[in-house]
Amino acid sequence: MTATTIPGLDSAPTTHQGLLTWVRETAELTQPARIEWVDGSPEEWTRITDLLVDNGTFVRLNDAKKPNSFWCASDPTDVARVEDRTFICSRDPKDAGATNNWMDPDDMKAIMVERFRDSMRGRTMYVLPYCMGPLDADEPMLGAEITDSAYVVASMHIMTRLGSKALELFTKDGVEQTFVPGLHSIGAPLEAGAKDAAWPCNDTKYIVHFPEERLIWSYGSGYGGNALLGKKCYSLRIASVKARDEGWLAEHMLIAKVTSPEGVEKYIAAAFPSACGKTNLAMLEPTLPGWKVETIGDDIAWIRIGEDGRFYAVNPENGFFGVAPGTDYHTNPNAMRTIEKGGSIFTNVALTDDGDIWWEGIGEAPDHLTSWKQQDWSPEGSELAAHPNSRYCTPIHQCDTRAPEWDDPKGVPLDAIFFGGRRRDTVPLVTEARDWQHGVFMGATLSSETTAAATGAVGVVRRDPMAMLPFIGYNAGDYFAHWIATGKGADADKLPKIFYVNWFRRDENGAFTWPGFGENIRVIKWALERIAGTAAAVDTPIGRVPTPEAIDTDGLDMSDEHLRASLAVDVEEWRAELPLIEEWFDKIGAALPSTMRDELAALRQRLDG
Ligand code: SAT
Ligand code: MN
């Protein structure tokens with residue numbers, strides 16, 4: 001079939017030649033049965049979710065419990081990001097660096113074109129114009145995704161500013177604007193008369209970025225970070241390259257507004273690896289009276305230096321794609337209230353017999369469930385009912401704790417940046433960096449135990465610089481240099497202060513030493529008091545750590561022993577960390593800025609001193 005005979009090609013609601021040409025060429029390559037231009041309307045949401053119900057991909061949840069919401073079980077092999085199948089195909093392998101998989105772009109394209117050839121046969125090819133970040137930005141960040149997955153269409157309805165309003169921005173004053181094209185196919189052509197799978201996908205997966213062309217090609221997976229191309233692929237991997245070239249930062253960070261009982265408003269951003277509590281912190285319900293936390297974003301921050309020299313952060317996303325297990329009215333009541341308002345998609349959680357959702361950590365299990373593997377499940381069995389990386393996908397605008405400025409194209413001026421990981425030992429509850437460069441060193445050497453958010457072993461300590469290991473779209477050494485340069489280019493007194501946190505330290509019995517969740521406001525309070533110059537700290541070899549008295553423990557039910565253990569800096573544990581950092585720096589190689597080696601040498605000296 002030539003593209004001109006494919007239904008839907010002629011009904012394009014745009015005159016943007018770049019977009020039209022790309023759509024036509026892609027249709028000729030992938031041979032879909034029809035083309036649909038996605039408009040982002042509520043009617044379209046209804047039509048697409050109805051279709052997903054008819055196809056058996058979605059189960060409509062009980063309207064009285066979760067209105068206009070859906071349960072979805074993926075193929076059991078397609079449940080997380082596939083880091084070993086994710087590539088940065090820069091022209092020069094040096095530009096991908098030691099932390100990314102690389103292949104020559106022409107070689108990769110040759111392989112992938114054969115994968116994409118006829119890959120949409122029998123399916124609808126959806127064209128999704130979208131905008132990451134506010135539509136009224138000076139420079140709206142446009143993208144277009146071509147996909148053969150209706151699940152992706154429904155999810156992008158929630159996660160991005162999708163459809164007609166974005167498409168209008170593709171042409172401005174008669175001039176065609178640039179956009180990031182992302183081609184996605186699940187790689188499962190549907191033969192005539194064949195019955196479709198509920199979650200079609202392909203065993204072979206490629207998540208590929210061509211940074212110079214600002215182009216994304218994704219094949220074989222339908223899962224979130226692999227398939228919703230506006231998210232990690234555009235807003236982190238491609239955006240980080242654009243940010244390097246243009247002098248800003250694209251980061252894996254939540255953004256929140258914190259108001260003290262005195263009414264002082266501060267803005268914070270925090271980078272933690274996937275499934276380490278970004279969403280919980282972004283929606284934190286403070287246990288300290290009078291404090292308020294409001295949500296701006298829970299996963300990604302684009303940080304630009306404003307005219308006044310301060311660092312302004314924007315959340316490019318329109319929804320939350322949060323880890324479900326462990327979320328309940330105790331750990332994250334605001335996430336619970338948000339998903340309950342409806343319009344949500346739940347992937348790989350369990351389904352109750354009365355059409356509601358359930359996961360580990362949400363309360364007592366009913367006697368019978370349908371597990372994420374679509375099997376009968378009862379509490380007596382040993383299998384998890386929900387996959388550890390199961391997700392809720394829900395719109396920000398219905399989150400009660402969203403800050404009024406969540407959609408402000410100017411962004412919010414950051415007062416503090418937190419780096420954090422999941423470590424059972426070594427890393428104290430909170431450490432203040434001595435200065436920007438030391439803070440960059442803390443971020444560059446950040447370590448965390450792996451989680452179920454990516455395929456592979458769970459619980460293994462790895463370096464995850466700025467929580468960006470899987471998302472830096474270029475050489476990690478150049479990325480550190482970019483962070484240092486960004487700080488050098490700014491007024492020192494306008495720089496956000498950098499802190500390193502760890503909510504996950506354990507005692508010798510394996511129990512968490514710090515209660516976490518809503519109590520984390522006590523750590524934020526200390527950090528903000530440090531900025532104000534009113535809180536005490538001790539200078540330690542790794543940075544400034546609160547004295548036990550400096551943490552507000554009013555009303556906190558925890559032992560003095562656990563507080564001290566949370567804050568302890570164990571010189572021996574940190575000495576043991578040095579060769580690991582050394583090894584990590586060796587891996588990064590020649591691109592590592594010498595200042596990072598200087599910081600390591602200074603740390604060694606302080607530990608020995
Ligand atoms: O990459 S996802 O968007 O699927 C979620 C994550 O791992 O942070
Ligand atoms: Mn994330």
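Using the three backbone atoms N, Cα and C, a Cβ is placed for every residue, glycine included.
These numbers come from a predicted model, not from an experiment.
For the Mn(2+) site that TrEMBL gives as His252, Asp299, the extra residue drawn from Lys232, Lys266, Lys341 is Lys232. Residues Tyr223, Gly224, Gly225, Ser274, Asn389, Ser390, Arg391 are given by TrEMBL as substrate binders; from Arg81, Arg85, Arg91, Arg530, that same site also lists Arg81. Together with Ala275, Cys276, Gly277, Lys278, Thr279, Asn280, Arg391, Phe517, Gly518, Glu519, Asn520, TrEMBL lists one candidate of Arg244, Arg422, Arg423 for binding GTP, that being Arg422. Taking the binding-site residues Tyr223, Phe517 in turn, the residue surrounded by the fewest other Cβ atoms inside 10 Å of its Cβ turns out to be Phe517. Neighbour density around each Cβ, counted as other Cβ atoms within 10 Å, peaks among the binding-site residues Asp299, Glu519 at Asp299. Filtering Cys276, Gly277, Thr279, Asn389 by Cβ distance to ligand 2 (under 6 A) retains none of these recorded positions.
Close contacts with ligand 1, defined as a Cβ under 6 Å from any of its atoms, occur at Gly225, Lys232, Ser274 among the binding-site residues Gly225, Lys232, Ser274, Ala275. According to its DSSP assignment, Asp299 (Mn(2+) binding site) is coil. Of the recorded residues, Asn389 (substrate binding site) and Asp299 (Mn(2+) binding site) place their C-alpha atoms 15 Å from one another. Here the domain 'Phosphoenolpyruvate carboxykinase GTP-utilising N-terminal' (22-244) returns a mean pLDDT of 98 for the predicted model. Sequence-distant contacts of Ser390 (substrate binding site), defined by Cβ-Cβ distance under 8 angstroms and a gap of at least six in the same chain, are Val323, Ala324, Pro325, Phe346, Thr347, Asn348, Val349, Trp359, Trp372.
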